[in-house]
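Structure, as C-alpha cells:
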Amino acid sequence: MLSSRRSSSSSGLSGSSNSPRMASLVSGISLILMFFVAMYSEMFVRVAMIQPNEKETTRSNIIQNRIQFQSGLVGYLVILACDIISAISMYQVFKSISVALSWWVGCLRMIYSVIFGYAILQLFKGYAVVMSDGKDFMDYFNSYESIWAFGLMIFGVHLVLLGILARRSSFVAKWISLMIVVAGVAYFLDNLLKLTYSNYENVKTVLTLCVAIPGIVGEVGLAVAFLTFYRSSRKN
C-alpha cells in the first residue's frame with residue numbers, strides 16, 4: 001500500500017524540474033518572492049485596510065484605495081502560485097533523502113494551498129460586494145481569517161515535517177531546521193487558539209511574535225540554503 005502511494009506520489013509531484021539542483025533554485029526564488037509579496041499584501045493591504053468591527057471604515061479604505069487593494073489581491077494569487085511551486089520543487093529537492101517524508105511535506109503544502117486559495121476567494125467576494133455597494137462584505141473578510149487559520153494549522157504540520165527533513169540534509173544548517181520546526185509548532189498553536197480560545201486577543205501579540213520570529217528566520221534561512229545549494233552544485 002505504502003509503496004504504491006510512493007509510486008503515484010512520485011509521478012504526481014515530479015514534473016516541475018529535472019534535478020534537485022534546479023528544484024533548489026526554484027524553491028529558493030519562490031520562498032523569497034513569497035516573503036516580500038506576502039509582507040505587502042498581508043501587512044500593507046489587508047491588515048491596513050480591513051478593520052475588524054469597523055465596517056464603514058473598511059468600506060471607505062477599500063473604495064478610496066481601490067487600486068492598492070486590487071494589487072494586494074493579485075499579490076495573494078502570486079503567493080498561492082509560489083506555494084504550489086514550492087510544494088513540487090521541495091519534493092524534488094528532498095526526495096533523495098526520504099521519498100515518503102518528502103511526499104508528505106509536498107502534499108501537506110498542496111492541501112494548505114487549496115485551503116488558502118479558498119480563503120483568498122473570500123477576499124475577492126468581499127471586494128466585489130464593497131464595489132457593488134452591498135452590505136455583507138465583512139462576512140467574507142472574516143471568513144478569510146477563519147479559513148486561513150485552519151489552513152495555517154496544516155501549514156504548521158508541514159513546517160514541522162519540513163524541518164525534520166531539512167535536518168537530515170547536508171546543505172541546510174541545523175539551526176535553520178530548528179527554526180522551521182519551532183515555527184511549525186507556533187503556527188499550529190497560534191491558529192488553534194485563534195479558532196478555539198475566546199480570549200485570543202489577550203495573547204495575540206505574544207503569539208504573533210512567537211510565529212513571526214522563527215517563521216521569518218526559518219523561511220529566509222531555508223531560501224538562502226536552497227540558493228547556496230544551487231550555486232555550489234553548479235560549480236561541481
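Including glycine, each Cβ sits where the backbone N, Cα and C put it.
The model shown is predicted, which means the values in this text are computed figures rather than measured ones.
Features reported for this protein in TrEMBL:
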COMPBIAS  1-17  compositional bias 'Low complexity'
REGION    1-21  region 'Disordered'
TRANSMEM  21-40  transmembrane segment
TRANSMEM  73-94  transmembrane segment
TRANSMEM  101-121  transmembrane segment
TRANSMEM  147-165  transmembrane segment
TRANSMEM  172-189  transmembrane segment
TRANSMEM  205-230  transmembrane segment
Query raised in the report: Would the transmembrane segment (101-121) count as touching the transmembrane segment (205-230), i.e. at least 3 C-beta pairs under 8 angstroms with sequence separation of 6+?
Result: no
Query raised in the report: Apart from its near flanks, which chain residues at least 6 from the ends of the transmembrane segment (101-121) lie with a Cβ under 8 angstroms of it?
Result: 5-6, 9-10, 13, 73, 76-77, 79-80, 83-84, 86-88, 90-91, 94-95, 143-144, 147-148, 150-152, 154-155, 157-158, 161-162, 164-165
